[in-house]
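Have a look at the structure below, then the notes.
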């Protein structure tokens with residue numbers, strides 16, 4: 001089909017931190033089905049969420065995600081709205097008793113935001129902070145000050161802005177471990193049984209924005225405060241299959257297409273291999289150069305979000321302009337960090353990283 | 001383009017109550033732009049919500065909605081998540097002081113749900129109920145028992161399930177009037193200045209599900225309770241242009257395409273003319289027949305959702321099967337009401353209603 005071929009050849013390499021690149025094959029499928037899903041005469045967007053067709057789409061998406069992450073049977077998978085930011089309130093409203101305490105680990109901007117919001121609902125103990133390391137390293141668990149009876153321990157497995165990622169899972173015994181995995185879910189293997197709750201805004205490794213996936217152990221359901229809005233009560237969402245009201249049906253469908261695509265690629269283990277190769281290539285290009293730098297401790301470097309600086313920030317603008325010309329988009333770093341950031345999620349292939357590394361070498365040669 | 005022509009010819013007439021039919025032209029545009037928006041090499045779904053391109057898309061959508069409804073300058077237009085059901089909590093959390101009272105008018109299932117949720121946050125006075133009329137008529141305002149110092153008066157302008165619609169706007173003096181217009185916004189002309197707050201889930205007359213539009217008078221901002229989740233605080237959403245966190249970017253874009261389409265049709269006034277003709281044709285077909293019936297008082301009949309019954313409910317199944325064969329989809333009534341329901345939102349054209357009426361006559365002739 002000519003249209004698609006033309007479109008594909010025009011596709012840029014998109015290093016946006018989120019909303020982020022989606023697999024071209026997923027967009028092609030969505031494009032083909034836009035006006036008429038499987039001969040039914042209507043778009044997925046136009047289907048009742050209670051229809052047999054849509055319920056099948058939604059269930060398949062859930063099952064595929066369960067398969068990809070080997071989610072144990074005693075966990076519910078929820079497809080909700082409001083993004084990770086709404087979860088920052090939803091988690092204490094559901095899991096923190098009014099007279100209880102929750103432990104939080106601070107490793108960057110997103111975990112800080114989670115802490116600020118949680119503080120509005122009760123006592124929060126910051127068990128550890130990367131501040132002493134200028135947010136360039138993660139404090140080892142030996143240095144954490146965990147509470148005796150915390151309702152849960154919260155951390156952010158990958159700080160999208162700082163480019164700081166845990167390469168280990170905290171061990172907190174029987175205390176439920178809660179993780180914001182917005183920017184690294186599905187990027188490498190994961191043992192869900194180590195967690196009480198995992199949440200992830202969709203717009204990085206799952207699908208379009210406007211959807212947040214929550215994976216929660218069933219024994220944590222039914223603890224919401226009486227003041228918790230019905231729509232924010234996990235148990236009500238779980239009991240209604242995430243359809244207490246009309247869910248974000250199209251985003252859920254697209255996420256399902258991404259899950260199918262991930263399975264076709266060989267699942268999370270295959271993605272881990274590819275992602276490891278991608279990040280190795282990019283960090284090597286940075287480390288081998290005196291012109292580019294990344295300040296993060298090697299064992300805490302993010303596989304997904306790679307911030308880097310040029311030796312002379314006066315060259316930033318020229319670097320970005322040249323990148324844009326070559327179809328290497330959205331490399332500008334977050335304003336709080338400066339410099340560059342390459343987000344290399346699942347949908348950003350090795351070809352994109354190779355093109356970036358080649359451009360970096362070329363730019364250095366010309367300008368350094 | 002062959003693909004599109006084929007798809008269009010296969011499009012069914014979709015009478016779903018929501019998620020509902022979208023204009024074919026909107027879906028075609030979205031389809032064409034799916035992989036490559038205006039030569040930028042990426043999908044709208046893949047754009048940063050902070051990018052110049054996306055901010056322009058979002059702002060244009062807001063401006064088009066403002067134009068369509070002539071929204072006064074002292075109102076904010078918000079594009080939020082969680083649907084109308086989340087608004088059921090969000091409204092009291094923002095507008096009802098803990099020791100205050102709010103007046104609600106009960107006209108069917110959706111206003112009842114709003115009342116139940118609001119009761120969790122304070123004193124709710126049900127100022128009037130259609131229950132005495134079996135929900136077939138709306139109590140006149142002379143019979144309403146309004147509180148002296150209500151924080152606001154809430155009503156649902158169109159009950160999607162019952163098919164009951166206000167053809168007048170309550171007059172409540174200086175008390176802010178709050179309206180759930182999920183299923184009739186943009187279907188006929190509206191004087192926004194009569195309202196303190198209007199909200200509407202997108203999935204009927206605006207766009208895909210997963211988006212809710214809130215139009216709120218600025219003086220009502222900044223009153224949220226201290227316990228209100230940040231993401232549910234209207235002022236924070238307003239101060240951040242509905243981008244406190246990543247919004248539902250693709251749904252917002254699609255809603256913008258619907259607003260453009262509405263402008264091309266001649267705006268809300270033109271839709272009102274078409275919608276009046278559509279509902280007149282359908283109700284006439286029902287009223288002229290002894291076989292079909294609709295129980296709603298004539299001045300309270302919904303223009304958007306037309307429930308009707310067959311004289312013999314044993315024929316329901318055959319009616320629905322025949323309709324499906326003819327590409328007249330989703331006519332089954334809500335389980336709480338039974339019978340049939342034809343939702344004839346803006347995107348359901350006169351051709352769809354004519355096809356339905358023709359089928360109804362045919363079925364009656366054969367089976368009655």
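Cβ atoms here come from the backbone N, Cα and C positions, even for glycine.
Residues A:84, A:85, A:110, A:160, A:203, A:245, A:246 are recorded by TrEMBL as pyridoxal 5'-phosphate binders, and the candidate that the same record lists for that site, out of A:67, A:143, A:180, A:184, is A:180. Less than 8 angstroms from a Cβ of chain B: among the binding-site residues A:50, A:203, A:245, that describes A:203, A:245. Under the DSSP three-state reduction, residue A:84 (pyridoxal 5'-phosphate binding site) is assigned to helix.
It is 28 Å from the Cα atom of residue A:85 (pyridoxal 5'-phosphate binding site) to that of residue A:50 (L-glutamate binding site). According to its DSSP assignment, residue A:245 (pyridoxal 5'-phosphate binding site) is coil. According to DSSP, residue A:180 (pyridoxal 5'-phosphate binding site) is assigned to a strand segment. Here the CA atom of residue A:204 (N6-(pyridoxal phosphate)lysine) lies 28 Å from the CA atom of residue A:50 (L-glutamate binding site). Residue A:84 (pyridoxal 5'-phosphate binding site) counts 26 other C-beta atoms within 10 Å of its own C-beta, drawing on all protein chains shown.
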